[in-house]
Amino acid sequence: MVAAMPPPLDPATLLNFTPADRHVLDVVRTGAAALSLVGSAFIVLCYLLFKELHKFSFKLVFFLALSDMLCSFFSIVGDPSNGFFCYAHDYSAQFFCVASFMWTTTIAFTLHRTVVKHKTDVEEFGSIFHLYVWGTSLAMSILRTIGSDYGRPGIGCWIQPASTGKVAHLITFYGPLWSAILYNGFTYYQVNRMLNNATRMAVVLGDRSNQLDMRADRKAVNRWGYFPLILIGSWAFATINRIYGFLYPGHKIFWLSFLDVGFAGLMGLFNSIAYGLNSSVRRAIAERLELWIPERVRKVFPTFSRQRDIQPENELVSLIVEGQK
């Protein structure tokens with residue numbers, strides 16, 4: 001999951017802060033991006049190294065992590081003193097951050113289609129997902145240029161003070177973000193409601209095996225359900241800060257900007273912890289470590305053996321699709 005980094009605060013806002021405040025915000029932004037970069041790169045590496053993770057459900061998480069990783073990388077390397085890098089920084093950060101939001105909706109769609117609609121054809125949507133995610137990200141990046149002076153060196157690379165550019169920013173960045181949050185939240189609600197109904201039906205019929213299956217499914221759904229919560233937690237302060245800056249240009253709230261860059265920059269790290277470190281990944285890592293750790297050491301630290309012996313979590317999407325082929 002994954003390292004999304006927020007676009008830098010707009011220059012009009014930064015100019016209202018003291019040099020010390022700007023330095024603090026820059027350190028927080030860079031530090032958060034670095035942590036998310038490491039977290040998302042770890043998930044990408046695990047997917048590339050462990051063939052047992054090459055399931056459709058985890059493949060979606062891989063592309064989410066890849067988008068987050070690239071978003072953080074370009075956010076870190078952006079150089080406002082160089083016009084070319086500033087230009088590349090703007091477009092790349094916008095493109096991959098929006099792509100990250102869109103990948104979460106593909107996961108929600110897959111879960112809904114599998115659980116609620118009882119369809120087993122989700123893997124056939126792979127090409128459509130790519131067209132949808134990368135196409136939407138490209139369109140938003142192009143529309144983002146409306147009213148914006150890209151590539152002009154200065155305090156910040158993202159958006160120049162023109163009100164038209166600020167409106168375009170809200171529409172092309174925060175529009176996809178909150179659309180994804182609403183869609184994911186509604187989808188998770190429907191899936192959760194259906195599992196509740198199925199569990200109650202199993203209780204009424206006295207089907208204990210079905211009850212156990214429903215509990216396992218609920219555990220898997222609860223993991224997927226973190227996606228909208230992570231998006232909300234990561235970008236709530238950023239959204240408030242942008243709206244406040246639009247309504248009251250020239251005003252500064254340092255603590256809000258601090259929370260803005262900090263929480264948004266950590267989204268990739270949150271994703272990597274919530275979704276990357278599942279039992280399947282831990283088990284794959286433990287199996288590889290046992291090849292290098294002497295047996296006498298494993299006896300001293302039995303955790304490795306326990307991680308190897310655990311069964312992969314009931315990844316709802318993968319099990320239903322693969323179980324009916």
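Cβ from N, Cα, C; glycine included.
Residues annotated as domain 'G-protein coupled receptors family 2 profile 2' in TrEMBL: 25-279.
Annotated transmembrane segment per TrEMBL: 31-50 (among others), in sequence order.
Per TrEMBL, transmembrane segment is recorded for 57-78 (among others).
According to TrEMBL, the feature transmembrane segment maps to 93-116 (among others).
The transmembrane segment feature in TrEMBL is assigned to 128-147 (among others).
Annotation source TrEMBL lists transmembrane segment at 167-186 (among others).
Marked as transmembrane segment by TrEMBL: 224-247 (among others).
Per TrEMBL, transmembrane segment is recorded for 253-277 (among others).
Counting only same-chain residues 6+ beyond the ends of the transmembrane segment (128-147), those with a CB under 8 A from a CB of the stretch are 60, 63, 67, 90-91, 94-96, 98-99, 102-103, 106, 162-169, 171-173, 175-176. Taken as a whole, the domain 'G-protein coupled receptors family 2 profile 2' (25-279) shows an average pLDDT of 80 in this prediction.
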